[in-house]
Amino acid sequence: MDKEKSDPSCKSSDLKISNISIQVVSVPGKLPGRRLPRKPIGKARPRKQPKKRAPFWNVQNKIILFTVFLFILAVTAWTLLWLYISKTDSKDAFYFVGMFRITNIEFLPEYRQKESREFLSMAKTVQQVVNLVYTTSAFSKFYKQSVVADVSSNNKGGLLVHFWIVFVMPHAKGHIFCEECVAAILKDSIQTSITNRTSVGTLQGLAVDMDSVVLNAGLRSDYSSAVGSDNGCSQYFYADHLTLRYPLEISATSGQLMCHFKLVAIVGYLIRLSIESIQLEADNCITDSLTVYDSLLPIRITCVLLSGYRICEPTRTLMSFVSTNNLMLVTLKSPYVRRLAGIRAYFEVIPEQKCENTILVKEINSFEGKISSPYYPSYYPPKCKCNWTFQTSLSTLGIALKFHNYSITKKSMKGCEHGWWEINEHMYCGSYMDHETIFRVPSPLVHIQLQCSSRLSDKPLLVEYGSYNISQPCPAGSFRCSSGLCVPQAQRCDGVNDCFDESDELFCVTAKPACNTSIFRQHGPLVCDGFQDCEDGQDEQNCTRSIPCTNRTFKCGNDICFRKQNAQCDGIVDCPDRSDEEGCGCSRSSPFLHRVVGGSDSQEGTWPWQVSLHFVGSAHCGASVISREWLLSAAHCFHGNRLSDPTPWTAHLGMYVQGNAKFVSPVRRIVVHEYYNSQTFDYDIALLQLSIAWPETLRQLIQPICIPPVGQRVRSGEKCWVTGWGRRHEADSKGSPILQQAEVELIDQTVCVSTYGIITSRMLCAGVMSGKSDACKGDSGGPLSCRRKSDGKWILTGIVSWGYGCGRPNFPGVYTRVSNFVPWIHKYVPSLL
């Protein structure tokens, strides 16, 4: 309290009426009247002295004022403390990790020792330069510090400096910190000369290679591991012998596991890491994984110069990776080890390889040799390049290339994810798949260049080469598939996908079946398919009689085979061991049969397998329940680093109106098909594991839909339903709050291919050719549900994938064909077997 305001001797001008106190005292008798002064008679009496008023600054008032002062002081102190805590809590730290190459300073061995005078001096110099860059930038008031973590040699000469940058700012302003913005400040500070046509510029006296500058957001845990005093499970290896294998082994049975292995080889050589086995029970591929980096700090795979490969599943298959420089970082993370986690691996120093050759093809109409990606059978590193020249012995012969689990197609405007091929001045993109293809070049002289991806390490490639007759690519009596394979003409239009791309089953003339012929009775595609095609029904007779097993027969658990198609979970026991009806507790019949364009509001409980997937709280995609823990959706919903992280995702089950789900669970794990192609939407399928299994008490509102049997046969014109909360019309700006349903029909595959041209055997079309009913934005990943007539169960025939617009005439929706992925689903969800 201000002392001047409480002092009774303050000036009268400061007094207020409220400062005056009146004391009323009760006394007996009448109040004395005021006496008039008398004139003195004789000697005057002495006048009485007035009573002294009690002073204001007495002991009692002092105690009161002191108590008030203490109270105000306590309130003020508490308020200031709360404001400080609140201000501190509302600020976030942002971590960025990067590196650049200094070209005008030679590497010293002492730089490997972080306690050495040489390292500390160099680190101080670089930190001062980085400090000056950011303290004079637009982010100066948020900049906190920079820390040099490593100074290493590299195959291009000079020093490779790895560093961290830390910013601190209010949480509300965190959105302004984009990777591009922070990196641009550093790059713009490098002064380059127009006359100097190299990538080297000047940064505060340091000669820095512009092309080497890499900077992106990092994790706080990685920062703490890199600069903390307790490095825990971290090791630095320097390898200088070419013939040695340096072991890397780590294991843990409990607790937290966070290990960093920094591998450095002698200048001019590369590192090959070979992983023999890894044991890891991953919650997701972000927090639980083994990751390989082409640097000494964990810089993500999105960086141009760096590669990263993440493993988050147990494996005992040997895998090896090659660096692009003389260094590599291996990290193993698991925040909570339940059983056993660890790796057994080794690394070695290898020389750089040139990938080029000139080959004279001598054989005629056969494959005579092999070429491969660099460092085969290792994953080949980013930015690699190969050149091959082929020459045939005759001008009538061309070059045939047989790719294993790979295909090349003409390059589009979208670019190439897995590098590009230039073949006789024509550009192609490569993509991985689950079958072989043949690519033919009708020229006796062929120049081929493979330019590897600039960002990714890719699976090894093995290509057989040979010659072929340009005028007759396939032998007489054979059909040439779109995949390049040649199959016997007799296998065309037989109902079996012999070409792997269904090209042998397209544009087939539908004729009345010759029911009485022996060929039809034994091998016809309409035999035992569940549809009666012959008037007497003979095509559906004796379908469960035991016959020798082929690729067209159904196989029971005891290896007995028969002709019946779609026998799995059809409600009829066909196998003696009942294996065809095991694990079939899915999809009760919907009681109602009355992103969806042209659809109507469904009724609650109609589609109990429908799921809404929310990303950061907003509806983003659909999915289908296939078990108590697993969902099935589309891979394109999770494309990219941000969307592939399960942390922001939640699954809303048993929901009719958006926001009113009966059960909500975080997503524990996202498994995207390894061959997914974001350019063509091939292999557009993904599995999601829930963190919490939905309870059995909600089975009336949540139920799994049945997975189709392998190679399920469907017929065009069959009625199915597409459901979702997507847009009702293409022009709508947001989705529907109520679950929509629309009846569609399966479209003939030939019509589908004729419409879009890029349809693979892993896709199917459904819709209404008039355009009245279709899926739309927001329905992606949702189910295409078809009801089986034999038992009334619902089958997940398709997954909403892509299409041209929404509900446009003559452009049906394209769906992922689930029956082609049943073995892949069983690999992760064996309980469905």
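Any Cβ shown, glycine's included, is placed from N, Cα and C.
Annotation source Swiss-Prot lists compositional bias 'Basic residues' at 32-49.
The transmembrane segment annotation in Swiss-Prot covers 63-83.
The disulfide bond annotation in Swiss-Prot covers Cys233-Cys259 (among others) and rests on sequence analysis. Cβ-based neighbour count (10 Å, all protein chains) for Cys259 (disulfide bond) stands at 22.
Taken from Swiss-Prot, the feature domain 'CUB 1' applies to 233-350, supported by sequence analysis.
Annotated disulfide bond per Swiss-Prot: Cys285-Cys312 (among others), in sequence order, evidence recorded as sequence analysis.
Look at Swiss-Prot and you will find Cys355-Cys386 (among others) tagged as disulfide bond, backed by sequence analysis. Applying an 8 A CB threshold to same-chain residues 6+ apart, the list for Cys386 (disulfide bond) reads Cys355, Glu356, Ser373, Pro374, Ile448, Gln449, Leu450.
If you look up Swiss-Prot, you'll see 355-471 marked as domain 'CUB 2'. Taken residue by residue, the domain 'CUB 2' (355-471) breaks down under DSSP into 0 helix, 67 strand, 50 coil.
Taken from Swiss-Prot, the feature domain 'LDL-receptor class A 1' applies to 473-509, supported by sequence analysis.
Sequence-distant contacts of Cys486 (disulfide bond), defined as residues of its own chain at least six apart whose C-beta falls under 8 angstroms from its C-beta, comprise Pro473, Cys474, Pro475, Ser478, Phe479, Arg480. Look at Swiss-Prot and you will find Cys474-Cys486 (among others) tagged as disulfide bond.
Here Swiss-Prot flags Cys481-Cys499 (among others) as disulfide bond. Listed in sequence order, Val487, Asp498, Cys499, Phe500, Asp501, Ser503, Asp504 are the same-chain residues at least 6 apart in sequence whose CB falls under 8 Å from the CB of Cys481 (disulfide bond).
Marked as domain 'LDL-receptor class A 2' by Swiss-Prot on the basis of sequence analysis: 548-585. Within its own chain, the domain 'LDL-receptor class A 2' (548-585) has Cβ neighbours under 8 Å at 496, 523, 527-530, 542, 704, 706, 708-713, 788, 790-791, 793, 831-833, counting only residues six or more beyond its boundaries.
Following the DSSP three-state reduction, the secondary structure of Cys549 (disulfide bond) is coil. Residues or ranges marked as disulfide bond in Swiss-Prot (evidence: sequence analysis): Cys549-Cys561 (among others).
Packing around Cys575 (disulfide bond) is summarised by its Cβ count: 21 other Cβ atoms lie within 10 angstroms of its Cβ, all protein chains included. For the recorded site, Cys575 (disulfide bond), the DSSP three-state label reads coil. If you look up Swiss-Prot, you'll see Cys556-Cys575 (among others) marked as disulfide bond.
Other Cβ atoms within 10 Å of the Cβ of Cys569 (disulfide bond) number 23 in total over all chains. What Swiss-Prot lists as disulfide bond is Cys569-Cys584 (among others), and the listing cites sequence analysis.
Per Swiss-Prot, domain 'Peptidase S1' is recorded for 596-830, and the stated evidence type is sequence analysis.
Residues or ranges marked as disulfide bond by Swiss-Prot: Cys621-Cys637 (among others). Within the same chain, residues at least six positions away from Cys637 (disulfide bond) with a Cβ under 8 Å of its Cβ are Leu613, His620, Cys621, Leu643, Ala686, Ser780, Gly781.
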Work out how many Å separate Cys765 (disulfide bond) and Cys259 (disulfide bond) at their Cα atoms, rounded off.
48
Which state, by DSSP, holds Cys569 (disulfide bond): helix, strand or coil?
coil
The number of other Cβ atoms within 10 Å of the Cβ of Cys786 (disulfide bond), counted over all protein chains shown, is 24
Which has the fewest other Cβ atoms within 10 Å: Asp684, Cys720, the recorded positions listed?
Cys720
For Cys575 (disulfide bond), the close disulfide-bonded residues (Cα within 10 Å) drawn from Cys561, Cys569, Cys752 turn out to be Cys561
Cys561 (disulfide bond) sits from Cys720 (disulfide bond) (Cα to Cα, rounded, in Å) at a distance of 30
Grab the pLDDT values for the domain 'CUB 1' (233-350) and give me their mean, rounded.
80
Taking only the CA atoms, the spacing between Cys556 (disulfide bond) and Cys549 (disulfide bond), expressed in whole angstrom, is 10
Under 8 Å between C-beta atoms and at least six apart in sequence, can you list the same-chain neighbours of His636 (active site, charge relay system), or say none if there are none?
Tyr676, Ser678, Phe681, Asp684, Ser780, Ser801, Trp802
